[in-house]
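To keep things clear, I will list the structure first and then write my remarks on it.
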Amino acid sequence: MLSPCLAAPATECRDPADAPAAPARHTGPARPRKRRPRNWKPHLPRERLLERGPAALTDAELIALLLGTGGGGRDVFASARALLARFGDSLRDMLDAEPDVFATHPGIGTARSAVLIAVTEIVRRALVEKARERLQIDSPGAVEDYLRLRIGTRPHEVFVTLYLDARHGLIDVEESARGSLTRMAVYPREIVRRALVLNAAALIIAHNHPSGAVQPSAEDRRLTRVLHEALALIDAKLLDHVVVGTADTFSFARAGWL
(Lines of atoms letter the chains of each structure in order from A and count residues from 1; the text may use other names and numbers.)
(Lines give C-alpha, C1' and ligand atoms only; values in the text may rest on other atoms or scores of the structure.)
Protein backbone atom coordinates (compact mmCIF):
# COMPACT_ATOMS: atom_id res chain seq x y z
CA MET A 1 0.00 0.00 0.00
CA LEU A 2 1.39 3.33 -1.01
CA SER A 3 1.63 6.08 1.57
CA PRO A 4 -0.46 9.16 0.90
CA CYS A 5 2.73 11.15 0.32
CA LEU A 6 3.99 8.92 -2.43
CA ALA A 7 0.66 9.00 -4.12
CA ALA A 8 0.31 12.75 -3.92
CA PRO A 9 1.98 15.28 -6.23
CA ALA A 10 5.51 16.33 -5.24
CA THR A 11 4.36 19.79 -4.25
CA GLU A 12 1.90 18.38 -1.75
CA CYS A 13 4.04 15.73 -0.05
CA ARG A 14 7.12 17.79 0.80
CA ASP A 15 8.45 17.09 4.30
CA PRO A 16 7.68 20.10 6.52
CA ALA A 17 11.24 19.95 7.88
CA ASP A 18 12.59 20.56 4.37
CA ALA A 19 10.48 23.65 3.75
CA PRO A 20 12.41 26.98 3.64
CA ALA A 21 12.19 28.99 6.82
CA ALA A 22 9.91 31.99 6.74
CA PRO A 23 11.76 35.33 6.93
CA ALA A 24 11.92 36.78 10.42
CA ARG A 25 9.50 39.61 10.99
CA HIS A 26 10.73 42.89 12.51
CA THR A 27 8.32 43.56 15.35
CA GLY A 28 9.96 46.75 16.63
CA PRO A 29 9.45 50.28 15.31
CA ALA A 30 10.27 50.86 11.68
CA ARG A 31 13.88 51.81 11.10
CA PRO A 32 14.26 55.10 9.27
CA ARG A 33 16.06 54.79 5.99
CA LYS A 34 18.53 57.45 5.02
CA ARG A 35 17.39 58.79 1.73
CA ARG A 36 19.20 61.39 -0.27
CA PRO A 37 17.28 64.07 -2.10
CA ARG A 38 16.59 63.32 -5.74
CA ASN A 39 18.74 66.27 -6.77
CA TRP A 40 21.69 65.19 -4.60
CA LYS A 41 24.93 66.06 -6.40
CA PRO A 42 27.93 64.78 -4.41
CA HIS A 43 30.40 66.99 -6.30
CA LEU A 44 28.77 70.27 -5.15
CA PRO A 45 30.09 72.14 -2.06
CA ARG A 46 26.96 71.71 0.06
CA GLU A 47 26.87 67.96 -0.41
CA ARG A 48 30.62 67.58 0.13
CA LEU A 49 30.38 69.67 3.31
CA LEU A 50 27.66 67.40 4.69
CA GLU A 51 29.48 64.20 3.76
CA ARG A 52 33.13 65.13 4.38
CA GLY A 53 33.02 68.18 6.65
CA PRO A 54 33.86 71.88 6.06
CA ALA A 55 37.61 71.19 5.78
CA ALA A 56 36.94 69.56 2.40
CA LEU A 57 35.89 72.91 0.89
CA THR A 58 38.00 75.76 -0.40
CA ASP A 59 37.61 79.29 0.97
CA ALA A 60 35.72 80.34 -2.14
CA GLU A 61 33.33 77.38 -1.86
CA LEU A 62 32.51 78.24 1.75
CA ILE A 63 31.75 81.81 0.69
CA ALA A 64 29.59 80.50 -2.16
CA LEU A 65 27.48 78.56 0.34
CA LEU A 66 26.83 81.78 2.24
CA LEU A 67 25.88 83.65 -0.93
CA GLY A 68 23.46 80.93 -2.04
CA THR A 69 23.09 82.34 -5.54
CA GLY A 70 25.24 84.58 -7.64
CA GLY A 71 22.77 87.40 -8.14
CA GLY A 72 22.26 89.35 -11.32
CA GLY A 73 22.65 86.22 -13.42
CA ARG A 74 26.22 85.71 -12.20
CA ASP A 75 27.59 82.29 -11.29
CA VAL A 76 27.75 82.02 -7.49
CA PHE A 77 31.20 80.42 -7.53
CA ALA A 78 32.53 83.15 -9.79
CA SER A 79 31.07 85.78 -7.44
CA ALA A 80 32.67 84.09 -4.43
CA ARG A 81 36.07 83.83 -6.10
CA ALA A 82 35.90 87.45 -7.24
CA LEU A 83 34.97 88.64 -3.75
CA LEU A 84 37.83 86.72 -2.16
CA ALA A 85 40.26 87.97 -4.81
CA ARG A 86 39.26 91.53 -3.95
CA PHE A 87 40.89 90.96 -0.56
CA GLY A 88 43.98 89.26 -1.93
CA ASP A 89 42.54 85.79 -1.28
CA SER A 90 42.74 86.53 2.44
CA LEU A 91 39.79 85.54 4.63
CA ARG A 92 41.22 87.62 7.45
CA ASP A 93 41.26 90.77 5.33
CA MET A 94 37.75 89.99 4.17
CA LEU A 95 36.52 89.67 7.76
CA ASP A 96 38.19 92.98 8.62
CA ALA A 97 36.52 94.81 5.72
CA GLU A 98 34.08 97.66 6.17
CA PRO A 99 30.45 96.44 6.04
CA ASP A 100 29.52 98.57 3.03
CA VAL A 101 32.24 96.94 0.90
CA PHE A 102 30.18 93.78 0.44
CA ALA A 103 27.06 95.57 -0.80
CA THR A 104 29.03 97.41 -3.50
CA HIS A 105 30.64 94.26 -4.87
CA PRO A 106 29.09 93.08 -8.18
CA GLY A 107 26.64 90.23 -7.72
CA ILE A 108 26.38 90.52 -3.93
CA GLY A 109 23.58 92.99 -3.24
CA THR A 110 21.90 93.96 0.01
CA ALA A 111 20.56 90.58 1.16
CA ARG A 112 23.79 88.66 0.59
CA SER A 113 25.77 91.53 2.06
CA ALA A 114 23.71 91.28 5.24
CA VAL A 115 24.53 87.56 5.51
CA LEU A 116 28.26 88.21 5.12
CA ILE A 117 28.19 91.04 7.66
CA ALA A 118 26.34 88.83 10.16
CA VAL A 119 28.84 85.99 9.71
CA THR A 120 31.85 88.27 10.15
CA GLU A 121 30.34 89.71 13.33
CA ILE A 122 29.63 86.23 14.70
CA VAL A 123 33.25 85.24 14.04
CA ARG A 124 34.56 88.44 15.64
CA ARG A 125 32.45 88.00 18.77
CA ALA A 126 33.46 84.36 19.12
CA LEU A 127 37.14 85.29 18.85
CA VAL A 128 36.75 88.11 21.38
CA GLU A 129 35.00 85.75 23.79
CA LYS A 130 37.74 83.15 23.37
CA ALA A 131 40.48 85.76 23.80
CA ARG A 132 38.86 87.10 26.96
CA GLU A 133 38.77 83.61 28.48
CA ARG A 134 42.51 83.29 27.88
CA LEU A 135 43.34 86.86 28.84
CA GLN A 136 46.22 87.22 31.27
CA ILE A 137 46.48 90.77 32.57
CA ASP A 138 50.11 90.24 33.63
CA SER A 139 50.98 89.63 29.97
CA PRO A 140 51.01 92.97 28.09
CA GLY A 141 51.15 91.18 24.77
CA ALA A 142 47.99 89.19 25.51
CA VAL A 143 46.14 92.33 26.59
CA GLU A 144 47.14 94.18 23.43
CA ASP A 145 46.16 91.22 21.23
CA TYR A 146 42.75 91.13 22.92
CA LEU A 147 42.23 94.86 22.44
CA ARG A 148 43.31 94.73 18.81
CA LEU A 149 40.84 91.93 18.19
CA ARG A 150 38.04 93.77 19.99
CA ILE A 151 38.37 97.30 18.61
CA GLY A 152 41.19 97.32 16.06
CA THR A 153 38.92 97.21 13.02
CA ARG A 154 36.08 99.43 14.23
CA PRO A 155 35.27 102.21 11.73
CA HIS A 156 34.84 104.77 14.54
CA GLU A 157 36.75 105.50 17.72
CA VAL A 158 35.80 103.32 20.69
CA PHE A 159 37.01 103.75 24.27
CA VAL A 160 37.36 100.57 26.34
CA THR A 161 38.08 100.18 30.04
CA LEU A 162 39.31 97.00 31.73
CA TYR A 163 38.49 96.98 35.45
CA LEU A 164 40.78 94.83 37.60
CA ASP A 165 40.86 93.66 41.20
CA ALA A 166 43.78 93.96 43.63
CA ARG A 167 45.45 90.90 42.08
CA HIS A 168 44.90 92.25 38.58
CA GLY A 169 42.17 89.75 37.91
CA LEU A 170 39.64 90.90 35.34
CA ILE A 171 36.38 92.17 36.83
CA ASP A 172 34.74 93.60 33.74
CA VAL A 173 35.35 95.11 30.31
CA GLU A 174 33.22 98.05 29.22
CA GLU A 175 33.00 100.29 26.20
CA SER A 176 32.72 103.67 27.88
CA ALA A 177 32.40 105.90 24.83
CA ARG A 178 32.07 105.94 21.08
CA GLY A 179 32.81 108.78 18.76
CA SER A 180 33.47 110.02 15.26
CA LEU A 181 36.52 109.31 13.19
CA THR A 182 38.41 112.17 14.81
CA ARG A 183 36.67 112.98 18.08
CA MET A 184 35.31 111.08 21.07
CA ALA A 185 33.87 112.30 24.37
CA VAL A 186 35.40 110.51 27.37
CA TYR A 187 34.43 111.53 30.91
CA PRO A 188 37.01 110.55 33.55
CA ARG A 189 34.50 111.06 36.37
CA GLU A 190 32.25 108.36 34.90
CA ILE A 191 35.16 105.94 34.72
CA VAL A 192 36.12 106.72 38.33
CA ARG A 193 32.51 106.29 39.45
CA ARG A 194 32.32 102.92 37.72
CA ALA A 195 35.61 101.86 39.33
CA LEU A 196 34.10 102.60 42.74
CA VAL A 197 30.96 100.61 41.95
CA LEU A 198 33.03 97.60 40.85
CA ASN A 199 35.52 98.05 43.69
CA ALA A 200 38.31 98.03 41.11
CA ALA A 201 41.88 98.47 42.29
CA ALA A 202 43.43 98.99 38.86
CA LEU A 203 42.38 99.87 35.33
CA ILE A 204 43.64 99.60 31.79
CA ILE A 205 42.14 101.97 29.25
CA ALA A 206 42.32 101.74 25.48
CA HIS A 207 40.95 103.33 22.36
CA ASN A 208 41.38 102.75 18.67
CA HIS A 209 42.57 104.98 15.85
CA PRO A 210 40.52 104.08 12.74
CA SER A 211 43.24 105.65 10.60
CA GLY A 212 45.56 102.82 11.63
CA ALA A 213 48.22 105.13 13.06
CA VAL A 214 48.92 104.44 16.74
CA GLN A 215 50.95 107.50 17.71
CA PRO A 216 49.09 109.13 20.66
CA SER A 217 47.76 112.64 20.20
CA ALA A 218 48.19 115.48 22.67
CA GLU A 219 44.58 114.91 23.75
CA ASP A 220 45.34 111.21 24.39
CA ARG A 221 48.20 112.19 26.70
CA ARG A 222 46.11 114.79 28.51
CA LEU A 223 43.28 112.32 29.12
CA THR A 224 45.74 109.77 30.45
CA ARG A 225 47.20 112.26 32.91
CA VAL A 226 43.79 113.45 34.14
CA LEU A 227 42.48 109.91 34.62
CA HIS A 228 45.69 108.79 36.33
CA GLU A 229 45.37 111.61 38.87
CA ALA A 230 41.62 111.05 39.39
CA LEU A 231 42.07 107.34 40.07
CA ALA A 232 44.82 108.05 42.58
CA LEU A 233 42.23 109.89 44.71
CA ILE A 234 40.34 106.61 45.23
CA ASP A 235 43.50 104.50 45.64
CA ALA A 236 43.13 102.91 42.22
CA LYS A 237 45.94 102.68 39.69
CA LEU A 238 45.96 103.24 35.96
CA LEU A 239 48.21 100.46 34.64
CA ASP A 240 48.22 101.35 30.97
CA HIS A 241 46.63 103.26 28.13
CA VAL A 242 46.78 101.34 24.86
CA VAL A 243 46.23 103.00 21.50
CA VAL A 244 45.03 100.39 19.02
CA GLY A 245 45.49 100.44 15.26
CA THR A 246 44.51 97.85 12.69
CA ALA A 247 47.86 96.07 12.86
CA ASP A 248 49.79 97.66 15.73
CA THR A 249 49.41 99.09 19.24
CA PHE A 250 51.06 101.75 21.38
CA SER A 251 51.41 101.22 25.14
CA PHE A 252 51.83 104.22 27.45
CA ALA A 253 53.30 101.93 30.11
CA ARG A 254 55.82 100.41 27.72
CA ALA A 255 56.84 103.89 26.57
CA GLY A 256 57.42 104.94 30.19
CA TRP A 257 54.61 107.51 30.16
CA LEU A 258 52.87 105.98 33.19
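Cβ atoms are placed via backbone N, Cα and C, with glycine included.
Residues or ranges marked as compositional bias 'Basic residues' by Swiss-Prot: 31-43. Feature annotation from Swiss-Prot assigns domain 'MPN' to 136-258; the stated evidence is sequence analysis. Per Swiss-Prot, the feature motif 'JAMM motif' maps to 207-220. If you look up Swiss-Prot, you'll see H207, H209, D220 marked as Zn(2+) binding site, on the strength of sequence analysis.
Features as recorded by Swiss-Prot, highlighted on the structure.
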residue	record	Cβ neighbours (10 Å)
H207	Zn(2+) binding site	26
H209	Zn(2+) binding site	22
D220	Zn(2+) binding site	18
Helix, strand or coil at H207 (Zn(2+) binding site) [DSSP, three-state]: strand
Shell list (Zn(2+); ref centroid = CB of H207, H209, D220; cutoff 8 A): E157, N208, V214, P216, S217, V243, V244
Segment confidence, the motif 'JAMM motif' (207-220), expressed as mean pLDDT: 92
